[in-house]
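Peer 1: This is the structure I have questions about; it appears just below.
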Amino acid sequence: MNFLEERILKDGIVKEGNVLKVDSFLNHQMDVRLFDQIGEEFKRRFADEKINKILTIEASGIGIACIVARHFDVPVIFAKKSKSINIEGDVYVAEVESFTHKCKNQVIVSKKFLNPEDKVLIIDDFLANGCALQGLISIVKSAGAEVSGIGIAIEKGFQPGGQVIRNLGFHLESLAIVDSMDYTTGEIKFRENA
Ligand code: 5GP
């Protein structure tokens, strides 16, 4: 079992509706030392990829992405959620459905910050149905840039996102893959060798 799986077992809480609560260390209160370990591990796993930018989505991806970026020594861009219908022409736009909040958001990235030469590592805290990732991938493609890799802290392996993204041929690394979780007992099972 790796360091993140151990921490999930210690402090994660299984909620009704297939939600894993990790707000005591990952996406509300943040354990920056743990983020540093996450950064080190992604640096190891993506050692062979060319990466000059990190892209994430607000809000909960930002903290992890910033610490990961220290290990790659590259800037972080976060896609901003925007409710406005009239988006000006100087941004890339994608539509993302939120798993936790059950609503649709447009996410935007300024054209100033993504260029065709960019080799992008996408980072996020969770992968569930894959909507957030699909949105980020489409923004990178709109810029004519390349997705060099995708690093996820926690993948919920019983939801389809991971398989869809791997089938598309992306280099996806998830540090913990939850294969099942039981709300009544609180039991969490991980995929081996995540
Ligand atoms: P997806 O777009 O892959 O369905 O969901 C990814 C996004 O939903 C993540 O950025 C994360 O914020 C949120 N999310 C999905 N599942 C969970 C969960 O079980 N727990 C928490 N805390 N967030 C989740």
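Every residue, even glycine, has its Cβ placed from backbone N, Cα and C.
These numbers come from a predicted model, not from an experiment.
If you look up TrEMBL, you'll see Leu20, Asn27, Lys156 marked as xanthine binding site. Taken from TrEMBL, the feature domain 'Phosphoribosyltransferase' applies to 43-156. Residues annotated as 5-phospho-alpha-D-ribose 1-diphosphate binding site in TrEMBL: Ala128, Asn129, Gly130, Cys131, Ala132.
Tell me what's around each of these sites.
Peer 2: The secondary structure of Lys156 (xanthine binding site), as reduced to three states from DSSP, is extended strand.
All protein chains included, Cys131 (5-phospho-alpha-D-ribose 1-diphosphate binding site) registers 18 other Cβ atoms within 10 Å of its own Cβ.
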Peer 1: From the centroid of the CB atoms of Leu20, Asn27, Lys156, the recorded xanthine site, which same-chain residues not already listed sit within 8 A by their CB, in sequence order?
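Peer 2: Not counting the recorded site residues, we get Gly12, Val19, Lys21, Val22, Leu26, Asp125, Phe126, Ala128, Ile154, Val178.
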Peer 1: What's the CA-CA gap between Lys156 (xanthine binding site) and Gly130 (5-phospho-alpha-D-ribose 1-diphosphate binding site) in angstrom, rounded?
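Peer 2: Just about 10 Å between their Cα atoms.
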Peer 1: So, in DSSP terms, is Ala132 (5-phospho-alpha-D-ribose 1-diphosphate binding site) helix, strand, or coil?
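Peer 2: DSSP assigns Ala132 (5-phospho-alpha-D-ribose 1-diphosphate binding site) to helix.
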